[in-house]
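If you check TrEMBL, you get these features:
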type	residues	note
REGION	51-77	region 'Disordered'
BINDING	Asn84, Tyr87, Glu88, Cys142, Thr177, Asn225, Arg230, Ser241, Ile242, Lys243	Mo-molybdopterin binding site
DOMAIN	103-259	domain 'Oxidoreductase molybdopterin-binding'
Amino acid sequence: MPILKPPAIPPSEITPPAVWARRRELLKAALALAGTGAGLTLGRPLPAASPTGAGALEPIANVRPSPQSTDEPPTSRDDIVGYNNFYEFGTEKEDPAATAHTLKPRPWAVVVDGACEAPGQIGIEDVLTGFTQEERIYRLRCVEAWAMVVPWVGFPLGDLLKRFKPTSQARYVAFETLLDPKQMPGQRRAVLEWPYREGLRIDEAMHPLTILATGLYGQVLPNQNGAPLRLVVPWKYGFKSIKSIVRISFTATQPVNTWNQMQPDEYGFYANVNPDVDHPRWSQARHRMIGDGLFAPKRKTLMFNGYADQVASLYAGMDLRQSF
Ligand code: MTE
């Protein structure tokens, strides 16, 4: 277990995510107006402020399209790789693209342990070659009311979990990000309790929509998006999508998740996209699609991020206002 220290910066002093989002949109709008003349870019997608990461990354071989994908147009790659939440590399949305080059995603291994018959570890090369890589175009909806459509490359998390033979004690799955302040300089500041941690109930983890993503837009993941391996749970808020995973543990009891530990009134364990349950500081009923531009109307948020047909049954009988 890591030794947890109280945060040096109280949560109240962390810039609320909605404020960053607005700051960035204003910056983009200002740049667009200054560069091209008023009115020319309004209502159209604005260029990304930071195209960092757009260079060639290793392509992933033999990626097959997945029938699980949405047919919505994907968000531009520049926006996906230039607008990130990854506190290990800073608390501003532009920070990870500028600073995550210090992360070394190879060699990399993920330990799988806890309530299973075959605990062990798996290297990233075996992850890339040992599972059928699919392109899955999923929505990512963040709690502070912004969203993207991302052409992830990945495979069902359940395919990996089954290899380690979970026992009947395995009711939950816990995930941990790398803890290494040399590679992740943001960990030198106690803005969160490091390492970043997440958890799912075992049926959520085994659901075919839940993937481990190894890439996006056909290439290996850029560091700022969680290289070399991150979780994607498309019906849940973005903070469940833990990045740069080094440990996956089967547990009998509900694991800690970082944002719940930091601000339990605001971020629950379940964190399902739910337009009917507002965050204490903003509405969850509508969201802005990154790339739409500051003046485009917000879109209506769908229950379970539009995946209700596939996942609503997981929560039958639960009060989602309590389990938010
Ligand atoms: N994982 C780690 N390790 N650290 C983080 O700060 N932020 C989460 C999630 N995973 C985060 C993380 C949040 S709040 C969001 S919205 C998504 O990553 C953002 O993923 P993206 O940058 O690929 O869009």
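Placed from the backbone N, Cα and C atoms, the Cβ positions cover glycine too.
Positions of TrEMBL features highlighted on the structure.
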residue: Asn84; record: Mo-molybdopterin binding site; contacts (Cβ under 8 Å, 6+ apart): Lys93, Asp95, Pro96, Ala97, Gln224, Asn225
residue: Glu88; record: Mo-molybdopterin binding site; contacts (Cβ under 8 Å, 6+ apart): Thr177, Leu178, Met184, Pro185, Gly186, Gln187, Trp194, Tyr196, Lys243, Ser244
residue: Arg230; record: Mo-molybdopterin binding site; contacts (Cβ under 8 Å, 6+ apart): Leu212, Ala213, Leu221, Ser241, Ile242, Lys243, Ser244, Ile245
In sequence order, those binding-site residues of Thr177, Arg230, Ile242 whose CB lies under 6 Å from ligand 1: Thr177, Ile242
Neighbouring C-beta atoms (10 Å sphere around the C-beta of Ile242 (Mo-molybdopterin binding site)): 25
Three-state composition of the region 'Disordered' (51-77), taking helix and strand from DSSP: 1 helix, 3 strand, 23 coil
Thr177 (Mo-molybdopterin binding site), number of other Cβ atoms within 10 Å: 24
